[in-house]
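Asks: Please read through the structure below; I'll follow up with questions.
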């Protein structure tokens with residue numbers, strides 16, 4: 001009976017166990033739909049920063065030209081294998097008018113000019129009275145008067161200067177251009193240098209020349225330069241053809257006004273760029289699709305003489321002009337120039353729907369009203385009215401447009417107000433050929449008699465010159481750490497066993513920028529390898545450039561910039577690694593966390609995120625919540641580390657081999673003694689209890705090992721001789737001798753005792769649970785029946801209420817109808833009553 005009862009109980013218990021197991025499985029299945037924050041390292045994500053760029057060039061250390069000298073110390077060697085990686089399915093916004101690269105280049109070229117003039121002589125001591133006369137020009141006209149120098153354009157001046165001895169004076173003679181001197185008190189012969197009213201005038205070194213070389217701007221490691229390859233890109237707005245480069249193309253920092261020289265050309269049609277074409281205060285940058293050659297010459301064969309103006313100072317001036325004195329001039333092919341202007345006008349008509357007319361500059365400083373540039377160390381200023389005056393251009397039929405030039409030796413510094421530079425005369429004839437690749441224009445805001453918008457050349461702000469080359473670039477900061485929701489949850493905090501190797505190139509890193517998040521996550525290893533090796537490669541080049549400056553015993557401004565770029569790259573990498581370490585993700589490309597994803601951060605579905613979005617789109621989606629997510633990951637990691645510390649404090653079973661350590665033997669001996677002592681004590685307790693039990697029954701113990709039969713009942717005869725009977729299971733007791741058998745017997749008795757009581761306890765618990773479940777089920781059934789009963793009662797009550805209301809309404813309606821009928825009948829019977837009354841009255 002007991003066995004059957006146990007079977008029935010276990011059957012019920014098994015049913016309920018299966019029920020609970022099914023519920024648990026369902027709950028776990030639902031739990032798998034939860035999303036958890038996962039950290040990814042090496043994702044193709046970038047943001048727009050402000051950072052320090054460095055330059056690269058093929059400068060020649062032996063060349064005294066100022067750009068070569070500057071680039072030798074300021075720039076690293078160019079990459080012989082420049083790489084460019086096209087980013088498919090990427091659209092990026094560019095803005096050439098708000099580009100930090102332009103400001104950096106502007107400061108760099110200012111630094112170049114300042115550094116080039118640092119070791120040269122200040123000409124302030126030459127601010128003396130000049131007694132000047134006009135140089136006699138006897139040259140006959142050539143082809144009219146185009147090449148004949150104007151009378152009075154060159155002055156022959158004499159003046160007194162201080163010799164090596166400060167108390168001694170010496171009279172000197174030199175030639176100056178009319179633009180470099182000004183009369184004193186309207187005198188016809190007494191002059192002074194035009195620069196004497198300026199604070200500082202620095203003379204360029206006599207062996208220095210200005211011939212710009214291509215300079216490449218490069219991004220430090222951890223940053224990238226994005227390039228727009230759209231051939232019709234106007235410099236502002238989204239660009240769909242984006243690539244990434246390490247450095248820009250070679251940019252020649254040509255300082256010029258009105259015309260852009262030796263720049264890059266548009267690949268298809270002429271491109272017109274302006275911050276706001278309808279605003280006449282905004283300059284217009286025109287980029288040609290075909291260059292126009294301009295050939296400039298100074299035919300005068302000048303000589304140079306040195307004038308001592310004090311101890312250790314020499315002022316270089318023009319001594320004499322050998323041969324004919326002729327004007328400096330520039331030649332431009334008339335047909336090609338007219339065709340270019342016609343195409344520019346057509347572009348304005350095509351894209352902005354208005355016709356334009358060109359005219360000469362409206363006035364201002366000579367640097368703005370003329371096209372100024374540096375040719376082999378001489379500063380040329382030539383009048384461009386012959387280029388932009390349509391009437392003059394149309395009436396002239398010569399093959400070339402010849403523009404007369406004027407030369408200045410005292411030049412206002414374009415980089416800052418109140419400073420000037422004296423350019424020493426260059427000996428011999430000078431010739432330089434350049435390519436006109438663009439224009440700087442401005443709108444008058446008014447129209448001519450034909451209703452055309454008037455465009456005039458302009459210049460002065462060299463940032464526009466740099467914008468014409470940097471319009472298609474922007475610098476971005478790579479953000480390799482990204483977070484996204486996944487279905488994987490971190491279960492335990494595991495210590496990283498090894499670090500993941502980092503190394504590759506920037507282009508592999510951003511190669512998956514246009515891919516979906518799911519596709520990009522597969523290539524994380526290749527992307528992450530870039531970060532460290534890219535840093536090492538760039539820092540090696542920077543270090544070589546810095547080492548080249550060690551003999552100077554001090555770093556230049558650019559040397560400091562190189563150090564900044566080097567340190568910045570390492571700091572960026574270490575910052576990312578520190579962040580991963582705080583999150584417990586060191587050395588991992590994909591790191592799960594136990595932070596539950598909050599749908600308020602993004603309500604997009606899991607499939608929509610991983611199958612349809614790029615990492616850039618996803619980063620913009622959660623940008624406002626990034627700090628919150630980072631904080632939650634850090635808090636969760638701190639909690640896990642505390643849990644791990646507590647767990648490790650209790651964990652003494654790190655390795656099975658530690659069990660055999662000699663340091664644990666003492667513990668083993670203690671445990672063995674405790675077990676043996678416990679068994680002996682247990683044996684003593686059972687023996688004492690047995691003796692006490694038998695003494696109470698009237699027996700005296702002869703020995704602890706003597707078999708003492710248990711008393712038999714009167715209904716069970718003893719099994720002696722032939723008498724039968726069922727032997728009692730407690731009738732005999734096994735006699736054991738020895739320590740180990742005795743120990744084993746006691747241990748077996750203890751286990752049997754424990755098993756019986758635990759079995760009874762489990763049966764009691766099972767019965768209790770079964771009864772409780774049955775009682776709960778009966779209670780639920782009772783509640784369900786009670787609910788159904790009261791539901792039926794409520795339904796019947798409601799129906800009865802509705803019936804009563806309907807009857808009352810019907811009866812009331814009948815009464816109202818009856819009253820109305822009676823009233824109607826009374827009204828209808830009025831004539832009858834009148835007639836009956838009349839009849840009675842007449843009768």
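Including glycine, each Cβ sits where the backbone N, Cα and C put it.
So Swiss-Prot lists the following for this protein:
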- 55-75: disulfide bond (DISULFID)
- 120-205: disulfide bond (DISULFID)
- 127-196: disulfide bond (DISULFID)
- 132-157: disulfide bond (DISULFID)
- 132-156: region 'V1' (REGION)
- 218-247: disulfide bond (DISULFID)
- 228-239: disulfide bond (DISULFID)
- 296-330: disulfide bond (DISULFID)
- 296-329: region 'V3' (REGION)
- 375-432: disulfide bond (DISULFID)
- 499-519: region 'Fusion peptide' (REGION)
- 585-591: disulfide bond (DISULFID)
- 751: S-palmitoyl cysteine (LIPID)
Asks: Return only the integer: C-alpha distance in Å from residue 591 (disulfide bond) to residue 247 (disulfide bond).
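Replies: That separation, Cα to Cα, works out to 33 Å.
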Asks: Specify the count of other C-beta atoms within 10 Å of the C-beta of residue 55 (disulfide bond).
Replies: 25
Asks: Could you give the mean pLDDT over the region 'V3' (296-329), rounded to a whole number?
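Replies: Across the region 'V3' (296-329), the average pLDDT comes out at 71.
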Asks: Compare the C-alpha of residue 132 (disulfide bond) with the C-alpha of each of the recorded positions 75, 196, 247, 751, and give the closest one.
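Replies: Checking each of 75, 196, 247, 751 against residue 132 (disulfide bond), the shortest Cα distance is to 196.
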Asks: Compared by Cα position, which of the recorded positions 157, 228, 296, 751 is the closest one to residue 196 (disulfide bond)?
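Replies: Sorting the recorded positions by distance from residue 196 (disulfide bond), the top entry is 157.
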Asks: How many other Cβ atoms sit within 10 Å of the Cβ of residue 132 (disulfide bond)?
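Replies: By my count, 25.
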Asks: Where's the emptiest Cβ shell within 10 Å among the disulfide-bonded residues 157, 330?
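Replies: Per-residue Cβ counts within 10 Å for the disulfide-bonded residues 157, 330 bottom out at 157.
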Asks: When you rank 75, 218, 247, 432, 751 by Cα distance to residue 330 (disulfide bond), which of the recorded positions ends up on top as the closest?
Replies: 432
Asks: To the nearest whole angstrom, what is the C-alpha distance linking residue 751 (S-palmitoyl cysteine) and residue 296 (disulfide bond)?
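Replies: For residue 751 (S-palmitoyl cysteine) versus residue 296 (disulfide bond), the Cα atoms are 114 Å apart.
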Asks: How many Å lie between the Cα of residue 55 (disulfide bond) and the Cα of residue 218 (disulfide bond)?
Replies: 6
Asks: Among all the protein chains here, how many other CB atoms are within 10 A of the CB of residue 432 (disulfide bond)?
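Replies: Around the Cβ of residue 432 (disulfide bond), 19 other Cβ atoms lie within 10 Å.
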